[in-house]
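Undergrad: Below you'll find the structure I mean.
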Amino acid sequence: MAKLTVKDLDLKGKKVLVRVDFNVPLKNGVITNDNRISAALPTIKYIIEHGGRAILFSHLGRVKEEADKEGKSLAPVAKNLAEKLGQEVIFPGSTRGAELEAAIDALEDGQVLLVENTRFEDIDGKKESKNDPELGKYWASLGEGIFVNDAFGTAHRTHASNVGISANVEKAVAGFLLENEIAYIKEAVEAPERPFVAILGGSKVSDKIGVIENLLEKADKVLIGGGMTYTFYKAQGIEIGNSLCEEDKLDVAKSLLEKSNGKLILPVDSKEANAFADYTEVKVTEGEAVDAGFLGLDIGPKSIAKFDEALTGAKTVVWNGPMGVFENPDFQEGTIGVMDAIVKQPGVKSIIGGGDSAAAAINLGRADKFSWISTGGGASMELLEGKELPGLAALTEK
């Protein structure tokens, strides 16, 4: 990566501004999954072990009006982080003002301070999300010209807490997580060890058009599963019953199939049910066609075998999007089957592009078998599409 990283800096005695991604799920004030906090630890520890004073910024959820602040404070995150670091995390509970500034000025080498949810600044005119120049300048003024971006999850956004701060400091550099994310995903797509197989699931073709187009050029095979299967089926005149279908994307699906030169591989059967939730019948289709009154909710056993065969010998695999409604035990076999087919390949570099696929790997007990699980769904999608990420573009060149 031709950008400066945290290792290129002298941190001793410096107030170091750090954008992390602590956008964790909370239920009644309790963090239900703290993976993102753990993922930021190497960078935070490196800064404090080298005598820096870490000032952390993160958003949490969406905040549009005063009422949205309820349950969106980073206070539980400060507590969790303090436990992980084994030291106090100072939390003034504000995004600006005299109290925050005094707490930052009082920091000693090796201490950590967490600024309150950056999206609290969105209540008055979306200052964070619209990259308000004054806000970026103000936050940059809290440090000493050094900014570390370690939030891959927001690298595709142009916000005050990443791009805004970057524009107002002498050196904006990548943290370890951001560096690893870019290395794994970009290298997999730009310079993969072959055969390179991409697997795309999820419900909508519209979300993945750019990704499919880019990967059809780069990958040796592109396997399609999940709800978007049925838009591809209908585009070929295959009966899909009541399955999910984006009628306005049938032409796009048809054109992708035509220009894929056989690289695009679709399921050959489905697991179908007579309703999405309160179903009374679940069965496997004979072939591709879904029965009238039924909807496809997972790929079937023949498809799992077909995808297993397509993955044989793969050296690089990028997977984004589950094969079915994996949250329901009746429709998780496809996702499990594909995960197992990926991780059993000898010497494979296997990458999960965040979002639902990451949740599936974690919930179904396969996470530790993958080479890399991305922390950013939207950001990894844009990298897979071949786009430049604003948060990355704003960093200082080496």
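Each Cβ is built from the backbone N, Cα and C atoms, and glycine gets one as well.
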Undergrad: Based on Swiss-Prot, name the residue from ARG119, ARG366 that is recorded for the same substrate site as ASP21, PHE22, ASN23, ARG36, HIS59, LEU60, GLY61, ARG62, ARG157.
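TA: Of ARG119, ARG366, ARG119 joins ASP21, PHE22, ASN23, ARG36, HIS59, LEU60, GLY61, ARG62, ARG157 in the substrate site that Swiss-Prot records.
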Undergrad: Let me know how many other Cβ atoms fall within 10 Å of the Cβ of GLY354 (ATP binding site).
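TA: The answer is 22 other Cβ atoms.
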Undergrad: Could you say which of the binding-site residues GLY61, GLY296, GLY355 has its Cβ with the most other Cβ atoms inside 10 Å?
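TA: Top count of Cβ atoms within 10 Å goes to GLY296.
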Undergrad: Using the alpha carbons only, what distance in Å do you get between GLU327 (ATP binding site) and ASN23 (substrate binding site) once rounded?
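TA: It is 21 Å, counting Cα to Cα.
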Undergrad: Counting only residues 6+ away in sequence within the same chain, which have a CB under 8 Å from the CB of ASP356 (ATP binding site)?
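TA: Same-chain residues close to ASP356 (ATP binding site) (Cβ under 8 Å, separated by 6 or more) are GLY201, GLY202, GLY321, PRO322, PHE326, GLY377.
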Undergrad: I'd like to know which of these binding-site residues, ASP21, GLU327, is least surrounded, judged by other CB atoms within 10 A.
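TA: If we count Cβ atoms within 10 Å for the binding-site residues ASP21, GLU327, the smallest count is at GLU327.
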Undergrad: Hey, how far is LYS208 (ATP binding site) from HIS59 (substrate binding site), Cα to Cα, in Å?
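TA: Here the two Cα atoms lie 26 Å apart.
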Undergrad: Counting other Cβ atoms within 10 Å of each residue's Cβ, which of the binding-site residues ASN23, SER357 comes out lowest?
TA: ASN23
